[in-house]
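TrEMBL annotations:
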type     : residues : note
COMPBIAS : 152-177  : compositional bias 'Basic and acidic residues'
COMPBIAS : 178-191  : compositional bias 'Acidic residues'
COMPBIAS : 198-209  : compositional bias 'Acidic residues'
COMPBIAS : 216-225  : compositional bias 'Acidic residues'
DISULFID : 36-71    : disulfide bond
REGION   : 135-227  : region 'Disordered'
């Protein structure tokens, strides 16, 4: 059964994302696996009244969402940033394109996002870089952080006489005189001959001779009892039973319904599109204008319990994050991996218990 979970922790001091390097890192362990749900963190924007746990929900404003998300065919390490358009004032979600997949085991994994001053973001899983992208590249985020310079004119209308048909029926074409639209697609094969051993008087199904009326059958209440039908065994060894009919074959005279051939449309103007106008919300920038991170929230919908989060880190130096991975995550991961290996081997042994191993020495050779 799917459930929602939420918890929030306000930071002692907001983290500025505009200057230098910022590293977001955390560990998570999916003890029961993850069939459908999320295991991500939300890095929340400052609020005038601060962050109160009871007011934290799915609509709470964040700067970055980062972490695993799986359901059905979806398996990705989310990285979503919310950026304010300086022209419209609207906050827009920008999703990392082609994010990496997350491990499918039940071990602890560490996820790292390194935001660099050259507008690059690097995504790591267990310390290994899985994705690199540029915040300002339209190839890396959807929608792009920087909007297009022009947009389709919302007030432009397609002219009534605009013809989008590339081909039209030839108005001068005439149906041939010998074209028979009523001719059937299939006709009887007049050359077919009934097999000599065809059993005309035998039905394809007969009453089951071994069936007997149930003792509790009441003809007045249940109606007259009839034996169930079975396939006639005589028909299994014969070419067929019952009335023989000639098989059907394709009618060589069949042409179907006539329609005029298509020709190039002399009035064709192409597929209509509204004209482009300057985008009133277009802007340029050299660096993303990230809002600070004032709190960290876990707000997830999941069908599995037992999701663990640990060692949530925000650092301004990627070496600090690397040190945490080596000293806290890696030893834990190695212990879990060895334990899992032992459990798998024990399970394999249990499955093989009771099977006899036969050692066979062949008395011939193949060459």
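Each residue, glycine too, has its Cβ placed from N, Cα and C.
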Residues of the same chain, at least six outside the compositional bias 'Acidic residues' (178-191), with any C-beta under 8 angstroms of its C-beta?
245-251, 253-258
Same-chain residues at least 6 beyond the ends of the compositional bias 'Basic and acidic residues' (152-177) whose Cβ lies under 8 Å from its Cβ atoms:
258-265, 267-277
